[in-house]
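Student: I grabbed these lines from TrEMBL:
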type    : residues                                                       : note
SIGNAL  : 1-21                                                           : signal peptide
BINDING : Gly107, Trp108, Thr109, Gly110, Ser111, Gly112, Lys113, Asn114 : ATP binding site
DOMAIN  : 277-333                                                        : domain 'Torsin-1A C-terminal'
Amino acid sequence: MERKERLVLLVIILCAPQIHAPPIEDIAVVASVGVAIIAGIVSLPNLYCHFTECCEDKNSADIAGLQTALRWRVFGQHLVSETVLKALVGHLNDEAPNKALAISFNGWTGSGKNFVSKIIAEHIFKKGMKSNYVHLIIATHHYPHQSDVEIYKRQLRDLVERSVSKCPRSMFIFDEMDKMPLGLVDVLKPYLDYHPPGAGKIDFRQSIFIFLSNTGGDLINAAVIKHWKDGKKREDIKIKEMDEVIKQGEFDDKGGFWHSSLIEKHLIDYFIPFLPLERSHIKLCAEAELRRKGHPVSELIFNKVADELSYFPKDLEVFSQSGCKKISSKVDYVMGRMRTMEISIFIALSDRPG
Ligand SMILES: Nc1ncnc2c1ncn2[C@@H]1O[C@H](COP(=O)(O)OP(=O)(O)OP(=O)(O)O)[C@@H](O)[C@H]1O
Ligand SMILES: [Mg+2]
């Protein structure tokens, strides 16, 4: 028996003496107690889902919150904010989508692919990345050896089927797609394809698959550098021009999608480009990190943190080599040095005669 059903049973047992308590002729009392119990039982699943996580809890998705988070917490990725929201809203609002949602996040290191996946999970599932319905698969950790690809295929099939049968609205995040053993993702084809489920079969069409990779990152960077050199605004970069760039990368680079049936059968619904981050975005990441750690915030500190990173291309030094990835340790370093400097100034001042 499910935990929820056990709870319902417990409530009925606890309430049973009250049903018999009033005199039998007092029909009004009996009726009102009965109504109360039925109302309690009906609302019990909602109550239960209020305190814990339920697959069928339709209210757990917070689209307005997702929109706000993508807008204010993700820096320099206008194409990501626009497209991710559109893709998810369309899929979540559709009671019977005709296929599972498959999104590929492509781009340079430290541009926010894991960060955005985490934000999505937090706004669709009550427990975010810790949800029982969110599965993070990291290529080098879960599937390290090309020679074991046949074993991995069985494991992956089993994971997806077991999870979706428990909760149709399951989410799978595949990190380091470019390091997946070749041929492995082909097993996902039946789950991503336009198959109506047979009677009694598992319906995969409500599930969400997100693939993260650096594939096409250098092509995206080259396109963004060209755009920058042409003096055009970053926000004018359109999803369509980047789409072509990423697809080229997916075809050329020997990553996990290389010649996979997911690409060849056009089963990835959206390729979302993560653009290389500029110094101004690095400063915003520094500010967010300083606030998170409870440090004072100032332009001087943002600049000190930004100065700690390397930028490309060599002649222009516009885009961060490591994106916002090393910001946390750089903030610690800069704050540590500032504190040491403050202490030495304090000592120097207190040593002065008079
Ligand atoms: N666009 C961004 N806006 C705000 N913060 C960001 C952004 N990109 C990265 N960050 C910050 O940097 C950290 C590291 O980024 P993240 O792990 O998402 O990079 P990634 O794109 O997955 O890189 P990799 O390709 O190396 O795996 C995040 O946890 C977040 O704090
Ligand atoms: Mg990552």
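Cβ coordinates come from backbone N, Cα and C, glycine included.
TrEMBL entries are annotated by machine, without manual review.
Each of the listed features needs to be described in terms of its position in the shown structure.
Tutor: Taking a C-beta cut-off of under 8 angstroms and a sequence separation of 6 or more, Trp108 (ATP binding site) has the following same-chain neighbours: Asn214, Gly217, Asp218, Ile220, Asn221, Phe274, Leu275, Pro276, Phe319, Gly323.
Taken as a whole, the domain 'Torsin-1A C-terminal' (277-333) shows an average pLDDT of 96 in this prediction.
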Student: Using DSSP with the three-state reduction, classify Thr109 (ATP binding site) as helix, strand or coil.
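Tutor: In the DSSP reduction, Thr109 (ATP binding site) maps to coil.
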Student: Per DSSP, how many helix, strand and coil residues does the domain 'Torsin-1A C-terminal' (277-333) have?
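Tutor: Each residue of the domain 'Torsin-1A C-terminal' (277-333) counted once, the result is 30 helix, 5 strand, 22 coil.
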Student: Report the residues of the chain - excluding Gly107, Trp108, Thr109, Gly110, Ser111, Gly112, Lys113, Asn114 - with C-beta within 8 Å of the mean position of the site's C-beta atoms, for the recorded ATP site, in sequence order.
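Tutor: Here the nearby residues are Phe115, Asn214, Gly217, Phe274, Gly323, Lys325.
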Student: Please compare the binding-site residues Gly107, Gly110, Gly112 by how many other CB atoms fall within 10 Å of each one's CB, and tell me which has the fewest.
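Tutor: Ranked by other Cβ atoms within 10 Å, the binding-site residues Gly107, Gly110, Gly112 bottom out at Gly110.
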Student: Minimum Cβ neighbour count within 10 Å among the binding-site residues Thr109, Ser111: which residue?
Tutor: Thr109
